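Per TrEMBL, the features are as follows:
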REGION    58-103  region 'Disordered'
COMPBIAS  68-84  compositional bias 'Basic and acidic residues'
DOMAIN    103-165  domain 'Tudor'
REGION    158-221  region 'Disordered'
COMPBIAS  174-183  compositional bias 'Pro residues'
REGION    243-293  region 'Disordered'
COMPBIAS  249-262  compositional bias 'Basic and acidic residues'
COMPBIAS  284-293  compositional bias 'Polar residues'
Amino acid sequence: MSSDTAALENEVKEYKLQLETVQLGLQADPDNAELQELQAELEQVISLTEASIAELKPSPVPVASRKKPSEAPVKEKWSRENHPAFKKTASAPVPPEEPETSTNFSVNDMVLAKWYSGDKGYYPARITSITGSSTAPVYIVKFKGYDNTETLRAKDIKPIVNPNKRKADGTPVVTPPPPPPPTNANVISAAADINPELAQKSKREPSKVSDGPVRPAKLPKKIKANKELEAGKNKWQDFAAKGKLGKSAKKESMFRTPEGIHGRVGFTGSGKTMSKDPTRSRHIYQTNGDDDF
């Protein structure tokens, strides 16, 4: 016990030296957030370590006071224990307290830590550093999903049990939810209360619900540059009409074929007319008397 007390006292001296160094740094840079946070952690660790030293030191034995001779007890007329009215209201026996089991944790272990600065509940956290002695360790934890840190002792930390496993009595272990973020007291979290009659009335007659003036009718939007728009529209219509006419008109080809059955292919533009077929006539043979057979 004396060796543990000496070790804790040496650690307190080191923490105080570190605290003096941090305070000197804050004098040079008072707005440094990291130094301010480190100063708060060191002060908390020093207070917890000093409390551990006080517990380890043997308490002084109180001086036995001289007992005065007790007077003879006055015999009661009736017994309180044997009275039936007090027998019915006898309190049930208090179950014996279970002895605390110490568990050794290491850095980066996930545990259930007590949230002292909040609702004093246990929430999942990760151990960032361990100080103190082996018999009275001091843990600095950081809650899961939050930047809140706490400096706790071993009694304020519990191991996380797998929720799929069951205890010996068959009851499942449920991990508590993470600590809620700090809420602003000025913020109203209740849902808005809407009167359905007023809502229907506002849809039908929006100008009569409020006390303000009647809403004017909406004016149609004015389109600027009407002349430019009309000119562009006419140009596009002319272009579309020309395109249709150009597609429908057919140009005469110099090699076109007449549509008739007696047509012939000719070259137009040369100045010569198309050649004509010779007329076909029947040949008539005439017999002469001078011919000898």
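From the backbone N, Cα and C atoms, a Cβ is placed for every residue, glycine too.
Keep in mind that what you see is a predicted model, and the values were worked out from it rather than measured.
Per-residue pLDDT, averaged over the domain 'Tudor' (103-165), rounds to 82.
Across the domain 'Tudor' (103-165), DSSP assigns 3 helix, 31 strand, 29 coil.
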